[in-house]
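Reading through the structure tokens given below for one structure.
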């Protein structure tokens with residue numbers, strides 16, 4: 001069986017996912033790995049990325065249930081089969097820009113994030129605000145200080161992509177750009193990939209059962225165009241390019257923010273040694289990942305598969321889907337809208 | 001700006017990345033605030049107090065740009081002895097006729113000079129129509145000193161004479177000293193009391209702005225309709241102008257006051273107006289009584305000094321563009337073909353005229369007044385009284401369907417079978433489906449090319465107007481009636497091009513229209529500069545300020561040379577009027593002696609060897625006029641400008657800190673409360689703008705509320721403001737039918753602070769209804785710190801925020817915020833007040849059917865509202881306070 005050595009190799013640090021996907025000759029010969037760097041510190045929450053993504057990819061509209069979620073200005077509420085870019089809006093009683101209406105508040109109610117249940121967060125899916133933290137502080141609270149974080153989330157195009165590992169049809173595949181794409185004409189709707197994703201990104205469309213997610217505009221990349229969301233972003237919060245270059249840019253941006261005293265700034269998904277081998281789409285955040293609805297320490301859900309294969313031999317093949325599903329049952333605990 | 005102009009906001013982000021400090025002053029915390037260095041929430045409707053406070057701080061602490069102020073502003077000019085300020089008249093200026101709501105501004109003039117007898121927009125006297133007002137007195141009131149605000153879109157009032165000046169700025173009647181005294185009461189304490197901005201925040205803004213306004217640095221102001229949609233809207237912008245002139249931030253790179261317009265090319269539709277009171281290029285519209293002939297008109301309207309002295313050339317060239325060979329010297333170039341004003345015909349007065357049966361037909365091109373205009377019910381009542389209505393839009397907007405499913409059908413106020421209006425709906429092409437230009441806020445024309453053919457029956461507005469004109473001309477062909485000559489003599493020969501998808505249905509060439517706007521000489525050669533225009537009929541030009549946009553027969557607006565391939569001023573991207581100048585009044589970027597104020601801010605300077613102005617931009621000045629040039633005594637027009645008269649369009653060549661003529665409501669800004677305010681004016685005894693335009697719109701469906709301390713005002717205890725959000729566009733015609741935009745903001749909502757929610761029992765995510773004297777609407781409740789409560793006048797004031805995008809039609813629906821607003825107007829530009837009102841808010845949905853009317857009637861009863869409420873005359877410093885005895 002050929003899957004085993006390939007998978008093991010993929011899990012050992014910095015990798016060339018396109019080569020692992022069979023592109024090139026093992027020493028290159030394919031385009032550089034392309035990705036997104038989403039710098040949330042300059043996101044203005046205009047949602048042009050969401051609209052451009054839907055327009056280009058002809059994704060169905062997806063009106064929120066009940067008409068008014070009330071989660072700040074976020075009405076798309078998380079990534080899903082019909083939302084491949086999603087802008088989170090987080091209202092916080094924390095200082096930014098020194099806003100102070102000068103009105104002392106009588107009974108401060110803290111919205112401290114210390115008590116967060118990270119697993120239930122992950123279960124809600126990527127960039128969904130936790131249900132028990134109002135996205136909009138609805139109660140009178142501490143004086144003045146207020147900030148509004150905005151962040152455009154997207155499929156991470158993991159270096160070690162569990163969705164791809166568990167796909168039995170080959171519908172999910174690794175492109176020559178190192179990105180992960182679902183082929184809707186091959187997908188049989190088995191749904192294994194859905195619980196496999198450590199970020200809760202990929203999702204089944206209700207009316208057709210197939211799995212859908214961001215393709216990093218594979219069709220545009222092929223003709224040298226940048227993805228629709230990055231093209232539409234007015235402030236360059238979404239940057240597209242060779243991943244190596246984006247990482248350098250992100251490091252420089254982070255250093256600059258730290259120099260100006262914004263010590264909370266951090267990169268998310270940048271580290272090739274994290275649980276997914278680094279993300280092809282990574283982020284600069286201004287707070288803990290949980291605040292944005294992102295899991296703090298994502299791990300590729302197929303991490304233990306090689307070890308298991310070693311023990312169970314060929315029979316392991318039939319377990320892949322089951323293990324992934326069982327693993328997923330501990331983290332997918334409802335809360336998703338789709 | 002991030003909220004409503006996200007694409008433009010990228011440049012703010014770029015400036016921020018280069019170290020700029022961004023301050024956002026707004027009642028609500030928006031996407032802009034989130035990215036700003038400082039957000040200053042203030043009470044809606046108090047910006048004059050806020051800016052006036054900064055002016056006072058600048059003057060008291062001598063933080064103004066002294067040399068700039070002395071050289072380029074009218075600070076040193078002496079004002080006549082008759083002028084009396086608000087300081088001495090308790091909040092009004094000399095010359096007020098409180099009964100007529102009118103200022104005679106003869107007392108505002110300069111010492112030794114004479115404000116040219118007002119002319120132009122004579123129709124508007126004290127906010128009333130001239131005709132029929134007082135019978136025998138009509139003609140007299142028609143020619144008395146009247147406002148001509150709109151006549152000065154880019155001009156300034158005409159002035160003659162030599163003015164006394166004192167360059168030491170010490171004489172008590174210098175503009176500078178008058179300014180100092182006028183703003184002395186705008187203290188940080190008063191700002192806190194009025195605006196709800198804490199003193200330390202306010203002082204931080206002052207410091208940041210002053211530190212950044214020096215020879216080395218400049219600051220820019222950006223505003224939108226949050227400043228203009230008020231009964232004192234023009235004076236908001238005036239206050240910013242005074243501040244920027246004092247700080248030396250006009251005519252210099254990185255400075256200025258930038259108006260973010262509400263739609264693509266609204267600037268263009270002001271330059272080549274869809275307005276009733278100006279002709280293309282801000283040429284004043286003619287008046288029936290006074291504009292008897294070309295010579296009389298030009299003599300009355302032109303300035304003695306500066307570029308407006310050439311008005312005759314601009315107007316005759318316009319007439320030649322419109323009537324071509326039919327316009328001859330013998331017939332005064334068809335001057336008599338131009339329509340004349342007999343009264344004010346602003347948008348809201350047109351609604352009143354519809355209700356009175358005077359206005360019978362109505363074209364709505366990309367406009368949805370049934371949702372987007374103030375007091376939406378009045379709009380619908382007006383349309384229900386028409387003979388015909390033409391709606392051109394993308395979808396069946398509310399303005400096209402009110403007759404069968406509008407709110408008044410539900411309440412029983414209207415029955416479809418009683419409505420005689422014949423409604424035509426014509427689908428319109430989008431900008432991607434046609435050629436054309438956008439003119440943006442910085443006067444930049446940018447051409448857009450057609451990407452696809454319009455689908456189905458959709459056609460461009462150009463197509464519609466061209467073929468409408470063609471068909472009317474065919475109908476009139478052969479007519480001998482004199483009244484048909486203006487139509488038949490029009491040059492209506494625009495070339496057309498076939499639409500491949502619609503054989504036989506030809507689309508006019510948009511570029512041919514641009515060429516006509518640019519103009520040509522007698523040989524048909526395109527002109528390149530408005531300085532080539534002549535009053536002898538040898539040139540034609542559709543809009544003098546656009547002359548040069550088709551220079552050399554090339555569409556200059558279509559230039560798209562990337563910024564990376566040219567210098568930072570990027571003169572080869574699009575084309576900016578006038579003359580492709582990127583910064584107006586850029587002579588002021590250099591010191592009086594012609595050297596740059598600083599190397600860092602060098603932009604235009606005098607090259608003594610070459611004897612001309614050089615630098616990064618096209619000089620907004622005579623290119624070879626030396627800095628030390630002193631004009632001969634008898635010089636007129638452009639020649640009368642000295643080498644330091646940087647503000648070349650102004651009749652005295654100076655930036656006006658004080659406006660001796662041209663504004664209807666005062667030579668200086670003063671803080672007045674909005675027509676409806678929960679607060680008593682903390683600054684003056686005068687509560688409201690004494691000359692606000694209100695009498696013409698009195699109607700049972702447009703009642704006003706008591707304000708401030710007036711009895712009944714407590715029935716409407718909360719401040720109300722309306723606004724846009726990023727997800728939708730204005731009244732929704734372009735967004736509520738688009739699924740990808742609609743899903744992002746799926747319903748009407750109101751934004752309230754947690755404190756207000758608790759006070760009124762409003763539940764986050766639940767329903768509330770909002771009430772004013774006009775109507776009641778319902779909305780989902782968003783409880784958020786983004787709409788902060790403020791400490792104002794010694795108490796906590798809550799504010800209610802309402803986006804105004806929704807209506808009953810479309811993919812996403814909701815009540816229109818404009819059901820709540822009134823038609824009261826700014827007296828200078830006739831714009832409504834939708835940004836600062838007072839309201840009540842209660843939990844739960846609004847009543848249905850006739851109960852909706854009953855609820856509003858109950859509020860009228862509780863607040864004691866009558867047909868005279870809120871109309872009280874101004875006091876003029878004599879009688880009781882405006883409003884005190886009004887209800």
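Glycine residues also receive a Cβ, built from the backbone N, Cα and C atoms like all the rest.
Whatever TrEMBL says is automated annotation, not expert-curated.
Database features (TrEMBL):
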- A:1-27: region 'Disordered' (REGION)
- A:34-64: domain '4Fe-4S ferredoxin-type' (DOMAIN)
- A:43, A:46, A:49, A:233: [4Fe-4S] cluster 1 binding site (BINDING)
- A:53, A:214, A:217, A:229: [4Fe-4S] cluster 2 binding site (BINDING)
- A:146-177: domain '4Fe-4S ferredoxin-type' (DOMAIN)
- A:155, A:158, A:163, A:197: [4Fe-4S] cluster 3 binding site (BINDING)
- A:167, A:187, A:190, A:193: [4Fe-4S] cluster 4 binding site (BINDING)
- A:178-207: domain '4Fe-4S ferredoxin-type' (DOMAIN)
- A:312-332: transmembrane segment (TRANSMEM)
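Sequence features, as recorded in TrEMBL, placed on the structure.
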{"residue": "A:46", "record": "[4Fe-4S] cluster 1 binding site", "DSSP (3 states)": "coil"}
{"residue": "A:158", "record": "[4Fe-4S] cluster 3 binding site", "DSSP (3 states)": "strand"}
{"residue": "A:163", "record": "[4Fe-4S] cluster 3 binding site", "DSSP (3 states)": "helix"}
{"residue": "A:190", "record": "[4Fe-4S] cluster 4 binding site", "DSSP (3 states)": "coil"}
{"residue": "A:197", "record": "[4Fe-4S] cluster 3 binding site", "DSSP (3 states)": "coil"}
{"residue": "A:217", "record": "[4Fe-4S] cluster 2 binding site", "DSSP (3 states)": "coil"}
{"residue": "A:229", "record": "[4Fe-4S] cluster 2 binding site", "DSSP (3 states)": "helix"}
Worksheet item: So for residue A:163 ([4Fe-4S] cluster 3 binding site), how many other CB atoms are inside 10 Å of its CB?
Response: 28
Practice prompt. Mind sorting out which of the binding-site residues A:46, A:167, A:190, A:193, A:197, A:229 are close to chain B, meaning Cβ under 8 Å from one of its Cβ atoms?
Written response: A:46
Discussion item. Counting Cβ atoms within 10 Å of each candidate's own Cβ, which of the binding-site residues A:197, A:214, A:233 comes out highest?
Written reply: A:197
Worksheet item: Neighbourhood of the [4Fe-4S] cluster 3 site (A:155, A:158, A:163, A:197): other residues with Cβ within 8 Å of the Cβ centroid, in order?
Response: A:156, A:157, A:161, A:162, A:164, A:180, A:193, A:196, A:198, A:199, A:201, A:202, A:213
Practice prompt. Run through the Cβ atoms and count how many others sit within 10 Å of the one on residue A:158 ([4Fe-4S] cluster 3 binding site).
Written response: 26
Practice prompt. For the recorded [4Fe-4S] cluster 4 site, enumerate neighbouring residues of the same chain (Cβ within 8 Å of the Cβ centroid of A:167, A:187, A:190, A:193, site residues themselves excluded), in sequence order.
Written response: A:163, A:166, A:168, A:169, A:171, A:172, A:182, A:188, A:189, A:191, A:192, A:211
Response to the item:
argmin Cα dist to residue A:214 ([4Fe-4S] cluster 2 binding site) over the binding-site residues A:46, A:49, A:155, A:167, A:197 returns A:155
Worksheet item: Got a sec? Which of these binding-site residues, A:43, A:53, A:167, A:217, has the most Cβ atoms within 10 Å?
Response: A:43
Worksheet, complete the sentence: Nearest by Cα to residue A:167 ([4Fe-4S] cluster 4 binding site), of the binding-site residues A:46, A:49, A:155, A:233, is A:155
Worksheet entry | A:53, A:214, A:217, A:229 excluded, remaining Cβ within 8 Å of their centroid ([4Fe-4S] cluster 2) | A:49, A:52, A:56, A:57, A:84, A:85, A:154, A:215, A:216, A:227, A:228, A:230
Practice prompt. Please report how many Å separate the Cα atom of residue A:233 ([4Fe-4S] cluster 1 binding site) from that of residue A:53 ([4Fe-4S] cluster 2 binding site), as a whole number.
Written response: 11
Worksheet entry | Those residues of the chain, 6+ apart, with a Cβ under 8 Å from that of residue A:155 ([4Fe-4S] cluster 3 binding site) | A:79, A:84, A:180, A:199, A:201, A:202, A:213, A:214, A:216, A:281
Worksheet item: What's the CA-CA gap between residue A:158 ([4Fe-4S] cluster 3 binding site) and residue A:53 ([4Fe-4S] cluster 2 binding site) in angstrom, rounded?
Response: 20
Worksheet item: How far is it from residue A:49 ([4Fe-4S] cluster 1 binding site) to residue A:163 ([4Fe-4S] cluster 3 binding site), counting Cα to Cα, in Å?
Response: 24
Discussion item. Going by DSSP, is residue A:53 ([4Fe-4S] cluster 2 binding site) sitting in a helix, a strand, or coil?
Written reply: helix
Worksheet item: What number of additional C-beta atoms lies within 10 angstroms of the C-beta atom of residue A:187 ([4Fe-4S] cluster 4 binding site)?
Response: 22
Worksheet item: Counting distance between Cα atoms, which of the binding-site residues A:46, A:163, A:187, A:190, A:197 is nearest residue A:229 ([4Fe-4S] cluster 2 binding site)?
Response: A:46
Discussion item. Let me make sure I understand the structure: which of the binding-site residues listed (A:46, A:49, A:190, A:193, A:229) has the fewest other Cβ atoms within 10 A of its Cβ?
Written reply: A:190
